[in-house]
Amino acid sequence: MDRSGYFPVLDEDIPTKSELRLPLESKTSSRSRRWLHLVLVLQFVLIISLLASLHILGNRQPSNITCAKQLSPYSPYLEDGDLELEEFTELNHLMQPSPYRGQPTPEIEEAWVRLWRVPMIGFPETKMINLNKTNPQDYAHVSTRYGDDMLGFLNVFHQLHCLNLVRQYTYRDDYDYSNVTAFRAPQELVRGHIDHCIETIRKSIMCASDVTPVVFQLDDSRKSGFKSDFNMRRTCRNFDKIQDWAVANAVQGDFE
């Protein structure tokens, strides 16, 4: 055998196992670093997105319906989401004309009746628990031919009825109210009805507790040098829409 081209292989010329694995391990390490970078970037994006979402949620104003539901017990009107707020400055000085004030006339009486006399409504029996009524069977229902709803009406109309009755009571010697059922009862019951209405109005006012500041306008004609300015800025529920809703959702037919 021709050994002229043969050179002995020395031990140091043979690559070790670790040296043979080096390229593979280098590739693996590089791939791991890329995945780590990707994970860090994704985490960063996620954190930024979360912070942005929290900022948006924290600065978003709740809707009128959301606020109303937090401040009121259950109401089928609020469930329908038809609440509308109005902002305005009312005119309400001491002698401010109004279709609802002054010496009784047929027109004034009719105007008051149109405020509070609306049909009754129905709402689901399952909602009675939201009104803290645990025995629905003890309360009037709509006739079964129209469903199994509870029979009721919105409290604002009871409050207006009470205010009207107190108004009429103050004019009972100046106007013929013989057609008013409440005044045909025995005097003790009439007085009790009026006192009930005064309590209803008192509680309603205290419950709402309007905290809008009343300011004083300078007036040299007054001994005090100023007068209360009752032309106040108001934010109110749109009463016409509430009344329209009650009429549109009126219960028809006989009641049980």
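Note: Cβ is positioned from N, Cα and C throughout, glycine not excepted.
The transmembrane segment annotation in Swiss-Prot covers 38-58.
Secondary structure at Asn64 (N-linked glycosylation site), as computed by DSSP, is helix. If you look up Swiss-Prot, you'll see Asn64 (among others) marked as N-linked glycosylation site.
Within 10 Å of the C-beta of Asn132 (N-linked glycosylation site) we count 8 further C-beta atoms, all protein chains included. Here Swiss-Prot flags Asn132 (among others) as N-linked glycosylation site, drawing on sequence analysis.
Annotation source Swiss-Prot lists motif 'HXXHC 1' at 158-162, citing similarity to another entry. Non-local neighbours of the motif 'HXXHC 1' (158-162) in the same chain are 112, 115-117, 196-198, 200-201, 204; each lies 6+ residues outside the stretch with a CB under 8 Å from one of its CB atoms.
Residues or ranges marked as N-linked glycosylation site in Swiss-Prot: Asn179 (among others). Taking the Cβ of Asn179 (N-linked glycosylation site) as reference, no residue of its chain lies under 8 Å away while being at least six apart in sequence.
The average pLDDT for the motif 'HXXHC 2' (193-197) in the predicted structure is 98. Taken from Swiss-Prot, the feature motif 'HXXHC 2' covers 193-197, and the record attributes it to similarity to another entry.
Taking Cβ-Cβ distances under 8 Å and a sequence separation of 6 or more, the neighbours of Asn64 (N-linked glycosylation site) in its chain are Leu83, Glu84, Leu85. Taken through DSSP, the motif 'HXXHC 2' (193-197) splits into 5 helix, 0 strand, 0 coil.
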